[in-house]
Amino acid sequence: MTLKTLMLTTVATLGLAAAAQAQTVGFSQIGSESGWRAAETTLTKQQAQERGIDLKFSDAQQKQENQIAALRTFIAQGVDAILIAPVVATGWDSILEEAKEADIPVVLLDRQVDSDKELYLTAVGSDLVHEGEVAGKWLAEAVGDKSCRVVELQGTTGSSPAIDRKTGFEKGIAGHANIEIVRSQTADFTRSIGKEVMESFLQAENGGADICALYAHNDDMAVGAIQAIKEAGLKPGEDILVVSIDAVPDIFKAMADGEANATVELTPNMAGPAFDALAAYWKDGTVPPKFIQTDSALYTMSDDPAGQYQARKGLGY
Amino acid sequence: MKRALRRVAPQLMTLIVLAALVSWFFPSFLQIDLSDGRLVGPVIDIVKRGAPVAILAVGMTLVVATGGIDLSVGTVMAITGAVAASALVSGWGVPVALLLACGAGLTAGVWNGALVAVLGIQPIVATLILMTAGRGIAQLITEGRILTFSDTGFAFLGSGSLMGIPVPALLWVLTGVLVALLMRRTALGLLVESVGINQRASALAGVNARGLIIVVYMASGLCAALAGIIATADIRGADANNAGLWLELDAILAVVIGGNSLLGGRFSIAASVLGAMIIQTIDTGILLAGFPSEYNLVIKAVLVLAILMIQSPHLASEWALIRMQIARRRAARGQEG
């Protein structure tokens, strides 16, 4: 066989394979209100490209009517599946029924809806309580039997991540009487308030000498608090252990500098598990469970934070 | 001097009462230590943390004195912070970043001033436009991310200290003193007040009312730029979504607690910055006292209400009336006996 024919056959086989597999998936994204969501969009597009899926992307700019219009367009185009990150929980019944009648499976990403579970194939998301629990268990292991006074930076008062991540952390440290949450205040998920609240914690706890660890409901608050700790003349990561949730690039930078200890990932890769479930469904009709929980992976200083930072900083966080 | 002190007496009294109240919950409130050559303590935190609102309040006082209001200052903070951070990230250096940020603040001021003075749009509506649209501009500059920089020279403006005193505290005191001197050592303050009391009459008397209003909004924009620079330098990053969020309301509250009328006219910059310190003392005090976070806003509301009620002129005259009646009754009783 000459080189030319070999190349031709390869190309032909690849072309055939692609033709047999090329699926079209419509993705209705909420918008781009946070860095995390921007990263989710980037990763969904990446995952689709890797699997040779033709992704039709629609940005709803925080409006449900835009999402419903996008879904209707997807149904009219006869896509093979629909991914949607629903902006609100209610009002999806009729459009989901339309999709079901057209035999198009719908997968929910990172948020849930209040509709009948029969109307969608599955939902991919993270368990917020579990995230807090992973953080709590890490701290319990890190301090061992030493007595540890923890300060907590909560998310926005009353928001579900703030409530669930608090509950989860308390679950994680349950049974360790040596660990005690001594101060807990909201810092609204932001860097500047995180810094301000941490400053007052340091004042209130003997200049920080009485604080053994900081638990922040998201990384941004932790990044702000780390600066406050440094300005108080203490070493974050050593004098005060720092554990937070989300795994955004800037916390890996802090970890690489030895200023943060651990973070729990809220993965923006919701599309990966969704595409896996869809592939199985298309292949032989395997129906996935109604909720696919993503990994809440724990990253510590020993997980190459510098490398993680490089890998993540381009994702649009 | 004596008259100036009498003007700010209610604000000073409020601060003293608040300090006593917080000390009751947190005994070491007034304690100040020296560590690593810088002063540390809750009071130092308050004068540092209160810097953005105090500086905003300086500009806001001038705008309010002309009978206007500037709702856009919080958003202008986000824009100027984003401009400064992106200049730093692009490697243009600190002086360029500062110049660009101040330029952005002045531009925002010209825009607001032109809408109010030239087109005659009501100030609350005119500045509402930039308040809502401006955050989008800031997000476009940062591309929706938190722009993080590591320039220590710029960070010095937010978290450094000179002779033990935090730089932000020095900046707001300096801003307040400079603007107050400019207003009171020249006729400028008087002209601003006259425009606030009756714009048409001042214009007829030969005051360039239109120009003065634009300049006042530019001053407010410049103050917002300075506040934005401090907030950005403080966290070493520009957070377009959250920088300066709702701070315009705190600035207006500071002006009101400072006893300035929102209808325009007489103003006191010293009273406004003291108002900003009162707000920050409440905020920091709540954090130090360690109440659950659900109570923060309620406690703040109750305290603010109490402060404004004590300052209310109606209540003051009622109180004087009651006291007079009691005195009269006592005198009458004395005569009977």
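Including glycine, each Cβ sits where the backbone N, Cα and C put it.
Residues annotated as transmembrane segment in TrEMBL: B:12-30 (among others).
Residues or ranges marked as transmembrane segment in TrEMBL: B:50-69 (among others).
Counting same-chain residues at least six beyond the ends of the transmembrane segment (B:76-101), those with a Cβ under 8 angstroms from any Cβ of the stretch are 52, 56, 108, 130, 134-135, 137-139, 141-142, 147-149, 151, 153-154, 221, 224-225, 227-229, 231-232, 237-241, 243-245, 247. Residues or ranges marked as transmembrane segment in TrEMBL: B:76-101 (among others).
Remote same-chain partners of the transmembrane segment (B:171-192), defined as residues 6 or more beyond its termini with a Cβ less than 8 Å from a stretch Cβ, comprise 47, 50-51, 54-55, 58, 62, 65-66, 157, 202, 207, 212, 216, 219, 223, 226, 230, 267, 269-270, 273, 276. The transmembrane segment feature in TrEMBL is assigned to B:171-192 (among others).
According to TrEMBL, the transmembrane segment annotation covers B:212-231 (among others).
Sequence annotations record features per position, and here TrEMBL assigns transmembrane segment to B:243-263 (among others).
Here TrEMBL flags B:270-291 (among others) as transmembrane segment.
Here TrEMBL flags B:297-321 (among others) as transmembrane segment.
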Using a Cβ-Cβ cut-off of under 8 Å, list the residues of the same chain that are 6+ residues beyond the ends of the transmembrane segment (B:243-263) and lie near it.
7, 10-11, 14, 52-54, 56-57, 59-61, 64-65, 67, 69-78, 81-82, 131, 138, 196, 224, 227-228, 231-232, 271-276, 278-279, 304, 307-308, 311
Give me the stretch from B:12-30, B:50-69, B:212-231, B:297-321 with the greatest number of Cβ pairs under 8 Å to the transmembrane segment (B:270-291).
B:12-30
Is the transmembrane segment (B:50-69) packed against any residues at least 6 beyond its ends, judged by a Cβ distance under 8 Å, and which are they?
77, 116, 123-124, 127, 166, 168-169, 171-172, 175-176, 179, 183, 192-193, 195-196, 199, 212-213, 216-217, 219-224, 226-228, 230-231, 244, 247-248, 250-252, 254-255, 258, 260-269, 272-273, 275-277, 279-280
Outside the transmembrane segment (B:297-321), six or more residues from its ends: residues with CB under 8 Å to it:
10, 14, 18, 253, 256-257, 259, 278-279, 282-283, 286, 291
For the transmembrane segment (B:212-231), find every same-chain residue at least 6 residues outside the stretch whose CB is under 8 Å from a CB in it, and list them.
51-53, 55-56, 58-60, 62-63, 65-66, 68, 70, 72-74, 76-81, 84, 98, 101-102, 104-110, 112-114, 116-118, 157-158, 168, 171, 175, 179, 191-192, 195, 199, 243-244, 247
